[in-house]
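Chemist: Provided herewith is a single structure, encoded as structure tokens, for subsequent inquiry.
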């Protein structure tokens, strides 16, 4: 199978390395210098340093070439750009006049200005593209790059997209499950990043494992309420792309969103934290969108509200936690 991966960040690079072990894979990035480095060293020293990439993996900075590769009859196109760049990439694909027949995206979050999920952005920009879906689940790019075991879910209303994605990714140490709840999978992948910031704050303040467990559990309830209101199925949120991804992102030391929370608890400013990370922390980008959607649906999301207070309103982390503890008692 031919596979084009659009986006050479940590996640796109790790997935491309996995795919290249079995398929004719081309990794694209618009940054010519990044591509030149990949071609010379077979390592993404900027985003996934220390991980050797397969010799068979090819690289290109020309979008047209990547799209042509991913538009072959037996091909798959993987969109690994962040949500913030998704609409621009879709427009570039449309302008290039070469939209692949089968597309799967791996980005997580809501578009900041519109509060749209990735599938809604793609439907608006590429309305003729009908075989598409989302690949998500509890996964750190570095571990995938190291070939460690991982389980992911592809969700699509298109059986052709599910089958093509399964055939591409399900090999080696990667196990793929299939489903059709695109909204539920996307909401889980977006909201868990915000909740991971909350658990990072609690851990950074030394509040203990009891507090962490409470935040994860009540955070899952927030995720489920919002996801169901937006059209997702409740059972999706107890699976890999909901609870599974939440546990990993809230507790794993490789989690950028958890790191943001830890550093906020240590008194660092958000700007300094993001500057030092050098990578996207989607929980920061989509926290306000999550809260706005919750309010539009009249859904209570106190943990998300507390995170937004710390990120954007100058609320001290300890005061935000105190506010959660002062909430009225209620039935679970």
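Cβ from N, Cα, C; glycine included.
Sharing the features that Swiss-Prot gives for it:
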type: ACT_SITE; residues: 192; note: active site, proton acceptor
type: BINDING; residues: 11, 30, 108, 141, 256, 280, 282; note: NADPH binding site
type: BINDING; residues: 108, 137, 139, 192, 245, 255, 256, 257; note: sn-glycerol 3-phosphate binding site
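Distances, neighbours, how buried they are, the whole picture for these features please.
Modeler: Long-range C-beta contacts of residue 192 (active site, proton acceptor), restricted to its own chain and to partners at least six residues apart, with a cutoff below 8 Å, comprise 219, 223, 242, 245, 246, 249, 250.
Of all Cβ atoms in the shown protein chains, 22 besides its own fall within 10 Å of the Cβ of residue 141 (NADPH binding site).
Secondary structure at residue 255 (sn-glycerol 3-phosphate binding site), as computed by DSSP, is coil. In this view, residue 255 (sn-glycerol 3-phosphate binding site) is surrounded by 23 other Cβ atoms within 10 Å of its Cβ, with every protein chain counted.
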Chemist: Looking only at 139, 257, which of these binding-site residues has the biggest number of Cβ atoms within 10 Å around its Cβ?
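Modeler: Per the Cβ count, the most surrounded site is 257.
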Chemist: Rank the binding-site residues 245, 282 by the number of other Cβ atoms within 10 Å of each Cβ and report the first-ranked residue.
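Modeler: That would be 245, with the highest Cβ count within 10 Å.
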Chemist: What same-chain residues, at least 6 away in sequence, bring their CB to under 8 Å of the CB of residue 11 (NADPH binding site)?
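Modeler: Expected: 80, 106, 141.
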Chemist: List the residues of the same chain that sit at least 6 positions away from residue 137 (sn-glycerol 3-phosphate binding site) in sequence and have their Cβ under 8 Å from its Cβ, in sequence order, or write 'none'.
Modeler: 150, 151, 152, 153, 240, 241, 244, 245
Chemist: So if I draw a 10 Å sphere around the Cβ of residue 280 (NADPH binding site), how many other Cβ atoms end up inside it?
Modeler: 22
